[in-house]
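**Student:** Structure provided below as structure tokens; questions to follow.
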Amino acid sequence: MRQQQQQQLQQQHQHQHQHQHQQQQHQHAQQSHSHGHKQTRTRSKNNNNHSQHSQVSSPKHHHASQHKNGGDHAKSGTDSDHNNGGSGVLSRNQQGDDTKDSENDPGHGLRSPLLEEFRSNKSNKKYELKDIAGSVVEFSGDQHGSRFIQQKLETATEEEKAMVFDEILPHALQLMTDVFGNYVIQKFFEHGAQEHKNVLAKQMNGHVLSLALQMYGCRVVQKGLEHVLSDQQAVLVKELEGHVLKCVKDQNGNHVIQKAIECVPAEHIQFIMNAFTGQVYTLATHPYGCRVIQRMFEHCADTKTPLMDELHRYIPNLVQDQYGNYVIQHILERGNPTEKSLVVSKVMGQVLQLSKHKFASNVVEKCVAYGSPSDRQKLIEEVITTKPDGTSPLVLMMKDQFANYVVQKMLDVVDGEQRDVLVAKIKPHLQSLKKYTYGKHLITSKLSFVYCD
């Protein structure tokens, strides 16, 4: 029986392989595109050609609000983007109604009669897990069969779970990297008995690195880390030692490192912290590394100090980097008061210059929003103080495509005397601001009340 099941699954995979390879190439192309453009601040009119990456359409929204925590580029390693049986990955079974037109279905004739009957279900039979006994592996490798098993496992009896588990166990490693089978394994980590989770985790022993770097396997590793006990967590992550940087820079592996940082006790992942030493700038400016660094600062408060000290040396460069700026924003949002003030101190004296920068302007906004009252006051004073040559940083910022958002943020967060002073400095320039696209937007969104004075 096991040999027959293996042959069935292998046949399915042979016919799926070419399509999956094409889909992966398409995903890589999309990810390459997103790495070049998804980080682009959408305040600029020039970004309209990439509106499919934007979650907001109003010009007041921008790059930082759309892509929190380092951007969601290349989410291929997360399980949320392909929920319930690979809805995010088109398979041959999703291209038209192949249950009605077998001539256009490459898999027709390779499936068992039971799976064919299930897929067509002309008799409107209400299937239960017991009805697919002996064919669980084949069903797990099929889009519709996998989804059926997932749904049933959520409410299955212990006996039903045991039946399914016994059939998939000999093929667990193969299913972990299967486009549809991986979801069945994930469901067992979520809804299986603790013994099921323990056994599945042991199946991964010796294969954690290869799974972490694989499109579907990485999701199983993440799910395993979420649901196994700490001693097995330690065993699993230990296999990544010596390969941390490789995983961090991989589109799939980075998610596993993030999950390890989030879920595994600190004493078991010190090797990850050690691997980051001397690499903070490189990682903070990497499309995947910037997210891992953020998770580390977020979850490793007791061990992050040396890495934070290393990061501080590069703040002036990071605020202007398309990925590094996210790391600095994260510190401003979640760091302690000392860490926040240190960032603000690096911005002071350059508020105008940085506010006009596509990426750094995000950081200046966060300085205004999350800095201490005294730090905020210093930033505003720098902006409203006329320079020796007679130029006004405030006026220049109000006319700039990026810096005008910093002025808007100042108007949002200040009150009382600070706000009165800021408005008084803006008021004489209202007429001239109307001539500029960004000035007009500032007036309509934040200063319309001035006309009522």
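Including glycine, each Cβ sits where the backbone N, Cα and C put it.
So TrEMBL lists the following for this protein:
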- 1-13: compositional bias 'Low complexity' (COMPBIAS)
- 21-33: compositional bias 'Low complexity' (COMPBIAS)
- 34-44: compositional bias 'Basic residues' (COMPBIAS)
- 46-58: compositional bias 'Low complexity' (COMPBIAS)
- 110-450: domain 'PUM-HD' (DOMAIN)
- 1-119: region 'Disordered' (REGION)
- 131-166: repeat 'Pumilio' (REPEAT)
- 167-202: repeat 'Pumilio' (REPEAT)
- 203-238: repeat 'Pumilio' (REPEAT)
- 239-274: repeat 'Pumilio' (REPEAT)
- 275-298: repeat 'Pumilio' (REPEAT)
- 310-345: repeat 'Pumilio' (REPEAT)
- 346-381: repeat 'Pumilio' (REPEAT)
- 382-424: repeat 'Pumilio' (REPEAT)
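I would like each feature placed in context: is it buried or exposed, what are its neighbours, and how far apart are things?
**Tutor:** When averaged over the repeat 'Pumilio' (203-238), pLDDT in the model lands at 98.
Shown for the repeat 'Pumilio' (239-274): DSSP residue counts in helix, strand and coil, namely 24 helix, 0 strand, 12 coil.
Residue counts of the repeat 'Pumilio' (275-298) by helix, strand and coil are 17 helix, 0 strand, 7 coil (DSSP-based).
Sorting the repeat 'Pumilio' (310-345) by DSSP state (H, G, I as helix; E, B as strand; all else coil) yields 27 helix, 0 strand, 9 coil.
DSSP labels the residues of the repeat 'Pumilio' (346-381) in these numbers: 27 helix, 0 strand, 9 coil.
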**Student:** Given a Cβ distance threshold of under 8 angstroms, which distant residues of the chain, six or more beyond its ends, lie next to the repeat 'Pumilio' (275-298)?
**Tutor:** 35, 39, 69-71, 73-74, 244-245, 248-251, 254, 257-258, 261-262, 304, 306-308, 310-311, 314, 317-318, 321, 323-324, 326-327, 330-331, 334-335
**Student:** Work out, from DSSP, the number of helix, strand and coil residues along the repeat 'Pumilio' (167-202).
**Tutor:** 30 helix, 0 strand, 6 coil
**Student:** Helix, strand, coil residue numbers for the repeat 'Pumilio' (203-238) per DSSP?
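**Tutor:** Grouping H, G, I as helix and E, B as strand yields 27 helix, 0 strand, 9 coil.
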**Student:** What same-chain residues lie close to the repeat 'Pumilio' (203-238): Cβ under 8 Å, and 6 or more beyond its ends?
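**Tutor:** Answer is 24, 76-79, 82, 169, 172-173, 176-179, 181-182, 185-186, 189-190, 194, 197, 246-247, 250, 252-253, 255-256, 259-260, 263-265, 268-269, 272.
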**Student:** State the non-local partners of the repeat 'Pumilio' (310-345) in its own chain: residues 6+ outside its ends, Cβ under 8 Å from one of its Cβ atoms.
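**Tutor:** For the repeat 'Pumilio' (310-345), the sequence-distant neighbours (Cβ-Cβ under 8 Å, at least 6 residues beyond its ends) are 39, 64, 67-71, 277-278, 280-281, 284-287, 289-291, 293-294, 297-298, 354, 357, 359-360, 362-363, 366-367, 369-372, 375, 378-379.
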